[in-house]
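Participant: Mind having a look at this structure? Questions to follow.
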Amino acid sequence: MKTKFTKKTVLKFFGILFAILLLSVLILFSVVIGRTFTFKVNRELGQWENTSTIYPYLSPEQREKLLDNFKVAVQIPTVSFSESDQNITALQEFDLLLRRVFPKVFSSSLVRHEVVGNYSHLFTVVGADAGLEPYMLLAHIDVVPANEAGGWDAPPFSAQEIDGFIYGRGTIDNKQSVMGILQALEYLLERGYTPRRTFYIGLGHDEEINGEEGAVKIVNLLKSRGVKLLYVLDEGLTIMDGVVDGLNEPAALIGVSEKGQTTVKLSVSTPPGHSSMPPRESSIGILASAVARLEKNRMPNLFGHGPERATFEHLAHKFGWSYRMIMSNLWLFSSLLSSVLEGQPDTNAFVRTTTAVTMFNSGVKINVMPAHAEAFVNFRIHSSQTVQGVLNRIESTVSDKRVKVEFINGFDPLPIGSYEDDTFGYQIIKKSVQDIFPQVTVTPGICVANTDSRHYTQLSPDIYRFAPSWYKPGDSARFHGVNERISIQNYEEIVLFYFQLMQNSDVRNLPTLRS
């Protein structure tokens, strides 16, 4: 017996279906709107134990002195050209500078100073309570080269002051941290400070060339002594202001991990010959096609598989309404946000393993077919991938037996440090930021560059990468580029940040969440 569908039955069916769909849309809309106005993961802790007994204040004389000290540090060209080529004279001069301008640090009975690897420095600041687990602050003395003829507004090692900014190589990478940490400790010791919790300061001299003689040797020394660290703070991310569309306030991004990296060499060898009788495909052409495939077929967008999602969720309540709705509902709008992020080079680096062809070499004469062509490609690896996984994908993308793929070096992404409400290091850094920058929202982030802290993973599970330098539109070109600079006010803020961090780290326990 056949079922007969009347017009009335069909209309009733579609009416019910439409009602169900409408109800589903209304429920979905209600959930989205509700989360938009209530979603907030950046929660506050309750009453802190007061260990900041020395007020973060700088007298006019201290402000003048710290600026003079910083300028001299920038003027010393501690350049790392390569692993076999460093300015040793400058590193020796920098050692003498530290001893001269920080007399309390070098003479205090609370501070033990050691030179490691000839030019790096390890300071142990002994706390009164040996039962409290120590922490460590990192920075690096060396800088990348700077070409004085490259368009600088002031010579790169002049530390010249222009419109309230100090110009020079190392002002934001990373002498502001080197001098800021020691200047803060100097002022605390001058005011009678005795730490409760032991802490270490590690200043590497070869971070820009992988840190094998500096950071690695400091780590090995601490390991030999059985040292375990509660947390580690190194350079890395910054205070971003005006560089994220829709974000109404500045945000301090604390790097809870950093990307891995690997470099591969692609090479092609073919018989040489005269250019008057060229083969159908040259070594250059074959290699160029392989490189083009790598650039065209990018690594997958992995937004949400690393800490980058938490960055936006922690900032959601600081965006304007439309952006806030998206950030508060990434369970629904994740693909939308990820597609927007991959549209710009600076944000694309947060959502995937990046592919950068950095060197291409071939040819010896214009009328000779080259027998060999080679290219080097650098990959910065997303938190959810590995070196081996990237290598496998390179092989499948190149997919040409004539192209030899050779692994040069690399390492996996770093472990993700905790940023939970009960994580000591993250919360101490967060409080210290808010003490000095009350207008700033703190959020976890991913560091796309590499730092000395990657060598410290055996000493602590919680490693953070942050220095409170302001990062504004146009500043990305200053990192390792032309017109590197820092404002005088910002350098003073950096000194006060470390001043507070050292005192805040003396709390025995974190407070509970504010109800």
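Glycine too: its Cβ is placed from the backbone N, Cα and C atoms.
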Participant: Where Swiss-Prot shows H140, D173 binding Zn(2+) 2, which of D85, D95, D234, D241 is named for the same site?
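Facilitator: Among D85, D95, D234, D241, only D234 appears alongside H140, D173 as Zn(2+) 2-binding in Swiss-Prot.
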Participant: Measure from the Cα of D234 (Zn(2+) 2 binding site) to the Cα of every one of the recorded positions D142, E207, H480, then give the nearest.
Facilitator: E207
Participant: Which sequence-distant residues neighbour the signal peptide (1-34)? Criterion: at least 6 residues beyond either end, Cβ under 8 Å.
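Facilitator: Those are 325, 328-329, 332, in sequence order.
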Participant: Can you list the residues of the same chain, besides H140, D173, D234, whose Cβ falls within 8 Å of the Zn(2+) 2 site's Cβ centroid?
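Facilitator: Once H140, D173, D234 are set aside, the remaining close residues are L138, A139, N174, S177, G204, E207, E235, G236, T451, D452, A467.
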Participant: Fewest neighbouring Cβ atoms within 10 Å: which of the recorded positions D142, D173, D234?
Facilitator: D173
Participant: Roughly how many Å separate the Cα of E208 (Zn(2+) 1 binding site) from that of D173 (Zn(2+) 2 binding site), to the nearest whole number?
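Facilitator: Pair distance, Cα basis, whole Å: 10 Å.
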Participant: Counting across all protein chains present, how many other Cβ atoms fall within 10 Å of the Cβ of E207 (active site, proton acceptor)?
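Facilitator: A count of 27.
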